[in-house]
Structure formats: structure tokens, C-alpha cells
Ligand SMILES: Cc1cc2nc3c(=O)[nH]c(=O)nc-3n(C[C@H](O)[C@H](O)[C@H](O)COP(=O)(O)OP(=O)(O)OC[C@H]3O[C@@H](n4cnc5c(N)ncnc54)[C@H](O)[C@@H]3O)c2cc1C
């Protein structure tokens, strides 16, 4: 039995939504993973008369493809799509059976219009919470366009392939055998990468907005909803809807909700935003802001959006170490997401740079997977909460180095070590290891407007109690501002303030 009773009960409800027959073509050997995969496929078939199973030989064993009767869709799972990928399997079954994916019609048309042959392969780990988005996006593309196919590959079941392709971060996607991208990617981002996103003139030709929000995290979503509820023309332009929340696993301090998860909260935010007919433009990156009669926001694709008021809510990103080797070995041993990439370092020695809460949490998490974790903290003491430090020091496979400065991440084609300086003795040391997780905090995404709006020495936009910046008509909210604390609920509150502040500005001007 691969599925427990609770999951089976939920699955049974979903399978009732299947609209037509689906043929699972299964390529199995005599190994343990094949046996488990066959058990899963048989369980699925026993649960719905719409699911048929046929034995075959596919490019990888063990794997199975999900097809319409008489027509291959190109959706293949190599390994067993349980863990975080179970939803990907359920959605694939529903979509191949004829159920429409929950995607805007405009995006569906874009996918259907892609010409040519595209074979995607995505390497994932079953514990990676960023991977299902990519797997599901590529599956939707395969289901909708016969020229597109996609194979999800569980790195743990295909270790040799992962080693030979030197994959050290998930998800990693290959297109027609060539590296395509790594890390979380939305469907819109994949389409834009394929050159199939909306073109610049389409965006520039839009009528001016009353309020244009730059950034689609919790602060941007909140600002846009507050503005749109005033009945004014509101848009959001963002690189990635959801912001940092998409990278967050458990959330226990979103008041009134005892526990939720990042992607779930983002889905609710998106639904709420859509409720108000807000024009959401993703994946689009703003690169310049200028106040003329209207405020102009220029995007990296050259498009210029115009608005009477603008709310900047571009949040923050992981801070880089800035030492030699960091950029060269990114995704080749240098990682930022322990939840996603930790499993790829099973049995290896890794370092975590940073002794704050996120660094110590990462080290505790990794200690359960890898052989040994070395924590490097610049200051003489760790900054993490006492309870986390206690847990960390109780672990047998963790070494903590305090008062040390990371000098270089070394390697040839991938990371092989780290060099640090003991700040007390000024002696240089080198440790041989295979992975470095950088956890040294965040920097505001304001580089593109430092000459336009007033920022403090950390690059955070200075706002007043209405969310107004130094430029009339330009407001800001969330982690990109000088607010004392950076949290979801705080960013949503400041988004609401900025939305109301912008409306107030419009009625007075
Ligand atoms: C791993 C992790 C765990 C966390 N856990 C919690 C938690 O448990 N509870 C909690 O309350 N908080 C948590 N936080 C903090 C919380 O996620 C942030 O405070 C919150 O997301 C800030 O929201 P924001 O909208 O200001 O910015 P962000 O969430 O950073 O969103 C910024 C938005 O701007 C977009 N953007 C950036 N630059 C541009 C540009 N040039 N052009 C267009 N768009 C752009 C981004 O794509 C994104 O849409 C966590 C953060 C991290 C990283």
C-alpha cells in the first residue's frame, strides 16, 4: 500500500472529477522503486474506472506516462511522484482526463500557439516545495500543446543521472537536452523564457492606471486590493506573484490562521486580487521610475506603464556573501534554500553561513540529512533565538565556528571547500566540503530607484505614516521600506496604508 487512508479518501474525491479515460503507460523493472511505483499505479487504477494501465518500455525505468486513450500527452513521471509531487500527479490525471487547468485563457492561447518541438526534463526532490510549481507548469504545457513534452525526474531515484549532469539544486530544468533554468519558475516565467510572453508594445499601449503597484508580494497584493476597492483602475506589475511567501514553508504567525503554508497563502492572495479585476502583469521587472505629468514605470522589456500614483512594494531578496566562488558555484554547491536543495547533499559535508534564526534553522534541518554541518558566524556569538541554539548544540554532527569571516568558496567544476579567517587570530583555515548554504539575511529590492526616491543607508525606502515617499504620488510598502520589522502581516498592513494613502493623494490632486 503506497497511500495511507487519509490520502486515499482525499484522492477518491479528486478522482471523481476526472472527465474521461486516462492510460498510464508503465515502464517497470525488478528494483524496489519499480515495485513501489507499480503498487501506486495499481492502487490508482483500483480507485477509478477512468484509469487504465498498460506495461511498456519508456526512456527511463522506473517511470510512467499519463496519456489520453490513443494519444500520448508527453507527461511522464520518472520515479514515484509522492511527497510534494503528489499534487502534480493528481493534477496531471485530472488535466489529461479533460479537466481544464486553472490558468487564464490568454495563457492557454499562448501555450497552444507555441510552434516547434520542446522536450523538458525537470530534476526534482520529493521534499522540495519549489519543485511542484515547475512540474505542474510544464505538465500543463505538455497537456495543451502536442509539440511539448515533460518528464519529471526524482533525483533520489536517478542518482547516476543527477551526478553525471552535476545537478546540485532543484528544480533544475533541461530543454531538448540543454540546461534551461534552475529554481522556482512560474508558468508565465517559463513562457517568457521561451519568448512567448506578452510583447512590450502590448503593455505600453495600456491606458494609464490610477494606481500601479510594483511588486506582487503580500504588501503589493494588499495595496492593490485596497486601491481597487475604491473603484479605481489598478494594476500590479511584478517579477513573480507571491514574493518571499512563495519560498516559505510553514507560517504560524499570520494572525487568525494558526498554520498555513507559503504557496497556499499566495494562492488565496491571487484569488482575492482577481476578485477585483486588478490587471496583474507578470513576469515583468521594473527598471526605472520617472515622474512626469503621470508617473512612468519602465520595464526591462522596454515597455513603459503610466499611472497617476505608484506604490512600490518590491520587497527583499537573499543577501549574497560577495566572496570569490559564490557566483561561480551557484547551483553547483552554493545554495540558498535548505528545504529545496538539502536532500541533494545527503551524506555530504556542508557549511551554513550565518548564525541568525534562518542560519541555525537551516543547520538543524540539514543535520538530519547530511553527514556534517559546519556553521560559520561572523560575530563572536550566534544571533539565533536561545531555543534554536540549544537544539543546534545538542546535535552530534554540527560544528559551530564563531568570530570567523568567510574568505572564499573553492572548487573546480563544483564546490570542494571553504576558506575562512579566524578573526581573533587572523589565521586562515580551509575545510573540505561539498555544499555551502548562505543564510545571511535579506537586502531590499530598491537598487533600480535609489536615485529617484529617498532611501536610508540600508537602501530601504523612507516612508511617512501614509506610506508616502519623497516623490509626490509615489508610495511604498512592505520589506522594501524602512519599517522596523519585516513580516507578512506587517507588510500587508503597510500595503493597506499605502493603498489608502494613494487614494487620498488622487482625490486631493
Ligand atoms: C524563508 C522565509 C521565511 C519567512 N517566514 C515568515 C513567517 O513565517 N511569517 C512572516 O510573517 N514572515 C515570514 N517571512 C517574511 C515575509 O515573507 C516578508 O516579510 C514578506 O513577504 C514581505 O512582503 P513584501 O510584499 O514586502 O515583499 P516580497 O514578499 O519580497 O515581494 C516582493 C515582490 O516584488 C517583486 N519584485 C521585486 N523587484 C521587482 C522589480 N524590480 N520589478 C517588479 N517586481 C519586483 C517580487 O517578484 C515580488 O512579487 C519569511 C521570509 C523568508 C524569506
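Cβ atoms here come from the backbone N, Cα and C positions, even for glycine.
Listed in TrEMBL:
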type	residues	note
DOMAIN	125-193	domain 'Thioredoxin-like fold'
DOMAIN	209-494	domain 'FAD/NAD(P)-binding'
BINDING	210-225, 469-479	FAD binding site
DISULFID	337-340	disulfide bond
BINDING	349-363	NAD(+) binding site
Using only C-alpha positions, which one of 214, 218, 222 is spatially nearest residue 363 (NAD(+) binding site)? These are the binding-site residues in the record.
218
Cβ neighbour count (within 10 Å, all chains shown) around residue 214 (FAD binding site):
30
Between residue 361 (NAD(+) binding site) and residue 473 (FAD binding site), find the distance joining the two CA atoms and give it rounded to the nearest Å.
41
Quick one: of the recorded positions 337, 351, 361, flag those whose CB is under 6 Å from ligand 1, and say none if nothing qualifies.
none
DSSP-derived helix, strand and coil totals, residue by residue, for the domain 'Thioredoxin-like fold' (125-193)
27 helix, 16 strand, 26 coil
Just name the winner among 222, 357, 469 (the binding-site residues) by count of other CB atoms within 10 A of its CB.
222
Other CB atoms within 10 A, centred on residue 355 (NAD(+) binding site):
26
As a test of the contact definition, list every same-chain residue at least 6 positions from residue 337 (disulfide bond) whose Cβ is closer than 8 Å to its Cβ.
130, 247
Tertiary neighbours of residue 210 (FAD binding site) (same chain, Cβ under 8 Å, six or more apart)
227, 232, 233, 234, 307, 308, 309, 506
Residue 214 (FAD binding site) to residue 351 (NAD(+) binding site): how many Å between their Cα atoms?
36
For residue 351 (NAD(+) binding site), just give me the three-state DSSP call.
strand
To which of the binding-site residues 218, 473 does the lowest count of other Cβ atoms within 10 Å belong?
473
Count the other Cβ atoms sitting within 10 Å of the Cβ of residue 340 (disulfide bond), across every protein chain shown.
23
Nearest of the recorded positions to residue 351 (NAD(+) binding site) by CA-CA distance, picking from 222, 340, 473, 477?
340
